[in-house]
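Reviewing the structure listed below.
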Amino acid sequence: MRSSGLVLLLAAPALVAGDTDAIKAQIQTLRSQLKSQREQIEEQQQLLTEADGRRLQTLVTQTTVDTQIAALQATRYGFNGAMDSLWLCLCGALVMFMHAGFAMLETGSCRAKNASNVLMKNLVNVCVGTLGWWLTGWAFAYGTQSGTALFGSSGFVGEGFYTKDASGKITPVTCTSEGCQSTMLSWFFQWAFCTAGATIVSGAVAERVKGPTYAAFAFVMTSFIYPMVVAWSWGGGWISTLFDVGYMDFAGSGVVHLTGGVAGLAGTVVLGPRKGRFVNPEDFEPHNLPLVVFGTFALWFGWYGFNPGSTLGMHDGATGALAAQVAMNTTLAAATGGISVFIIRYAILRKYDVGGLCNGILAGLVSITAGCGNMESGSAFATGLVGAMVYQGASMLLQKLKIDDPVDAVPVHGFCGIWGLLATALFDWGKGVDHYHGWSGWGCMQTADKSSCQTGIGGTAIGANLIMALVIIAWSGSISALTFALLKWWGALRIDEETEEMGMDAKSHSPAKAYALDFPNGQLPEAMKWYALPLLATGAAVAAGQSELLAELKQLESEVNAQQQLIKDQQELLDSYESHQSRRLQTMVNETYFNSTVEALQAKDYSLGGAMDSAWLCLCGALVMFMHAGFAMLETGCCRAKNASNVLMKNLVNVCVGTLGWWSLGWAFAYGAQNGNGFIGTTGFFGWDFYSQDATTGVITPVTCNGDGCQSTMLSWFFQWAFCTAGATIVSGAVAERVKSPTYAAYAFFMTSFIYPVVVAWTWGGGWLASIFDVGYMDFAGSGVVHLTGGVSGLMGTIVLGPRKGRFVSPEDFEPHNLPLVVLGTFALWFGWYGFNPGSTLGMKSANDGAMAAQVAMNTTLAAATGGITVFILRYCILRKYDVGGLCNGILAGLVSITAGCGNMECGSAVTTGFIGAFVYQAASMLLQKLKIDDPVDAAPVHGFCGIWGALATALFDWGKGIDNYHGWSGWDCMAANGSCRPGIGGTAIGAQLIMIIMIIVWAGGLSSIAFFLLKLTGTLRISEDVEEVGMDSKHHSPPKAYAMQ
């Protein structure tokens, strides 16, 4: 910058008149001075503009920005707590629903004469257990341990769960660096675990323990025995630091299941077996297998709260990825355990054992519960496989020792609980026994200075978990045995022989029996606009004559003086900027600080978005999984009682085999990298490359990121697995009551590993149909991809198989045998559809996602109701009688019809879609009847024909302007090109939908018909006539009937 000492005005105060030369010299000097001043003014203005620009960029003070950032952080901090609360409330509710599963499984496994008592015992267990947990249980488990590391001593009867000041204002939360949570939230979630542990004992002592006695034991269990185990482990007691490594039990293989299992063993040993149990074992077979299967599905469903919920929060992307990993492992272990026990039992009995299949699923679930958070998918498979063998061995051991456990609670929960604890350390995803993860999640357990991974502690971890198992056995077993022994000595433990003979229902309940039925043969989802300082415009006019020169001289003097003042003012302003620069930097925002802070907040929001997506898809995936319970109940109720066990088994096998098909090949074909082929994926087999792991430290990176956020591949795997197995289950209903079970299992594997995945690859996987006609297909949740694929495959299966013997000769003999199961199944399917359709937003991290899910839920509801009532009216007009089965299928027809277009049509169109879908279903059902195509559950009309209609309705009723503007996958916006809506593409969209429909029919129908036809040629497709006559249950199942009501 130039110096402020400029050329000064001439000092002469007066001019000699007529001295023209002197005047001209002065004028020339002034002109030169003006020129120099203008140059300096321009330079100053440039500097001022630059300085002002910087001032505008740092206009807000540091204090203001810090205040705003703190407010944003507080909001996000509070949002963390809200997300955690949402997650744990919903997961706790899922765990609570497991009580319904326990009750149904135990009731179905016992004899009909004690059904009311078993149901009562399960309800009393929850009620009494809740009071025990509230009075003393929580305090012993999670209260302040005051250095004892043995049990807590605060929090009795909810004391101290919140604070209250002198004015009465309540503070309900306690806060950490991660967020704020209410103690009541932890109480609720852990209550569900506590009462579940007590319920395990109920099954082991069923059918001979007195009701009041069991209630007393349930109180002791929930108020003292179980809480002490929790205090030593989850409560931060001495086991948590054992050997400086501590135990590892993510969700409770040891804490919950082993504690309950060993207590149940003590109870059943002290009680002794039921009278005649090992003399006439056939008299003790399950009396109601549908209840057993429904209970198993309910428990599996609830386990997605039990295991994923044990993240104990959902406020960042890493936690969300962990929940997804847990869900995937839980699924694989359950399926592997179930199918393994099923195969083992068949090898032993040469009969299909539905109860064994159910317990195998539960054995896999218990086995994976401890290690679901620190092992990869292949290890989960191995854990479920070994767990199945542990269960089977333990079950046979108890039989040999004549220890009577009516539901195999001890083998499932006790022995598999031990295996689960050991597997957790054995299969930890660190580098063998070198690096160990345990509770550290994605990272290794580090040295004390946090500088590196601890080495060689895998063996120590195994020892810690072994000690934990032994301590639980000693504690729970001894206290339970002592309690039961004292009750026995007192004569208050076991019912008398007369009551046992006639049944507790008749002796002690009102009404005197659980069923009042007459079954023949016993069957049954700036501006500051910185002002620019004006340049002083000066001009010098040269005039003739001295007077004019004097006038010019005076004017120039004035201009020079004015510009000199301007230069002075601007210099002072610049000097002010410079002299106060340090203070300004301290009071205005530092750009680097501001940017880094914003980036940190954005990263946290990005991570929170991942957590919200994970919570949403985990919960929605669980809902879709529960649809299998609906399929099983509906199909079983629609078929004849003599094949009920076979239908139940087939649905269970479908899920287990389908899970393995999806894991081994299906996901890779559907969503693996297509490498430009547009037809099929080629990466991701057996869960390979679902995460990356550092070769040196073993630290795991579980997510992949894009512009929308970070998601774990395991999350997508889990959610899409539920869709895949649902599509295969559709076929099960169409071929029911005459297909051979091993044949169907093989077909289910083919369906889930190849047929369905290729359809997904073309569509949701981003293949060639995604861009056809430059518009692409539209199938929001799967009218075509899932339902049409399953429906056309089922149609081919039933055509190749042919009708059931006598189906069109004596149709009255083929009416549903159990309408309550049909209705229960329909409601379960409708319930699960709120995961199926709203969950297909595939995320929940923005207001638009939430609005879309709400729109989808509303459309789903309207179409289902419209479809149901329309078919109901149609059937009444035809039959002049009420048809409950038709009403159920009408609801399902509406649901299938809306599934493709639920995200791109308004509510009136949803009603129309359901209405027309009802007519499509009714016409298709009548057509199949006329063609004598035997579809026991109307799977093809519901899923196939309504799937076609749903795919077409998606384009016809798109909420754009008729065929002018089209929305499709664009959601709330039209499909755009060059910044505006693309006109006239509605017809093109319809064409794209037709191509998709045709290709699915050709692909799924063609391959399925070939598969079924080849199986028919080899004689392995259909059961023999004599088996069909007597029923598959009596010929191939153990027990030989689904119901034993006498």
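Glycine residues also receive a Cβ, built from the backbone N, Cα and C atoms like all the rest.
Bear in mind that TrEMBL entries carry predicted annotations, made automatically and left uncurated.
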Task: Where TrEMBL places transmembrane segment among the ranges 718-737, 918-937 - done: 718-737
Open item on the list: With pairs fewer than 6 apart in sequence excluded, do the transmembrane segment (466-487) and the transmembrane segment (213-234) have three or more C-beta pairs that lie under 8 Å?
Closed with: yes
Task: Beyond the flanks of the transmembrane segment (718-737) by 6 or more, those residues with Cβ under 8 Å of it - done: 324, 327-328, 331, 617-618, 620-622, 624-625, 627-628, 631, 634-635, 638-640, 643, 646-647, 650-651, 654-655, 658-659, 661-663, 666-667, 670-671, 744, 747-748, 751-752, 756-757, 760, 764, 782, 785-787, 789-791, 793-795, 797-798, 801, 804, 835-836, 839, 842, 935-937, 939-940, 943, 1008, 1028, 1032
Open item on the list: If you count every Cβ pair below 8 Å, which range out of 85-102, 254-272, 614-631, 856-877, 994-1015 shares the most with the transmembrane segment (784-802)?
Closed with: 994-1015
TODO: Compare 254-272, 614-631, 994-1015 by their Cβ pairs under 8 Å to the transmembrane segment (466-487) and return the stretch that comes out on top.
DONE: 254-272
Task: Mean of the pLDDT scores, which run from 0 to 100, over the coiled coil (546-573) - done: 70
TODO: With Cβ distances under 8 Å as the criterion, find the stretch in 254-272, 614-631, 994-1015 that has the most pairs with the transmembrane segment (85-102).
DONE: 614-631
